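Here's what TrEMBL has on this protein:
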DOMAIN    29-79  domain 'MucB/RseB N-terminal'
DOMAIN    104-180  domain 'MucB/RseB N-terminal'
DOMAIN    206-296  domain 'MucB/RseB C-terminal'
SIGNAL    1-24  signal peptide
Amino acid sequence: MITTNRVKLLAAAVLLLSASGVQAASDEGEQLLKSMQAAVHSLSYDGKLVFWKGNEMSEYHIEHRSEQGNSSESVIQLNIGNDATEPQRQQFSLVNSSSLQLPAQQVYSIDMGRDAQIAGLPCKVVVIRPKDKMRYLYRYCIHQDSGMLLKYSVMNRGQELLEQFMFTQLTIDPAKEQLQLAVKQAAMPNTAEATASISQEENIVSGWDLSQLPAGFTVHQVRSIPGKDNAHQVILSDGLTFVSVFIEPGNSTSELGKKARSSGATNILTVQVAGHAVTMVGEVPDQTLYKIKNGLRYVAP
């Protein structure tokens, strides 16, 4: 006969095993993301990928070379419209697209998805899942042996695809021993990044209170805008994504109070706050930009 106490013990054991499994998946996902960061920079590779943004699709040829600590990247767009006669070099960068920090557990969780195969290579799927409506879901398909990113997707809460790139052909060219070295290097903490910080004074915009931000977001950096008096760019981050807030005196009435445009996962909102034109740009849902706007307070210097 199964007693009530025994049922409780069994339930507690199941919960403990479940929590252990979730933590193991999170740890594996974090390690794969670290490996990806190192691999995209340190490996030599050559391939073609397709990039979707909203309803537009582009195809690129990417060649990345890494030798003795130096790297170079060539990106050429292959399909450039009906009027195009030859490929053109583009600003798209796989290195920049793969750049991330491990997200804060307060607002994201890291899960493992099903294994997949991209461009003939097996990959592990890492899912960075938001815990609220203020951010997107991210999926990374990572080649386990090399750490190379093979596919990347951004989705909203309705599981609608906003942006994605995926290799259709890929050749990775160092020896296997070098691949393993890149993966091992990813496991080592980057002390320069870990210790780098911006002083509190550098994160202050004179006359503005930025304390009422959406959960998880903090002021990452503040920059003066060259050529404009009392104009600033405030960069906010939740550890994974960034939002730029441009603040300058004066009224830019044409777009005030309206979402200027949306492109893939990127939204833009321009508003007027206390006689200042404020433009917010970021890879976040538009409601996040409105919440940032509602939290802005002008307190005269």
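Residue 1 is the first one shown; counting continues down the chain.
Cβ atoms are placed via backbone N, Cα and C, with glycine included.
Bear in mind that the values here come from a model prediction, so they are computed numbers and not experimental data.
Per-residue confidence over the domain 'MucB/RseB N-terminal' (29-79) averages 88 (mean pLDDT, predicted model). Secondary structure by DSSP for the domain 'MucB/RseB N-terminal' (29-79): 14 helix, 29 strand, 8 coil.
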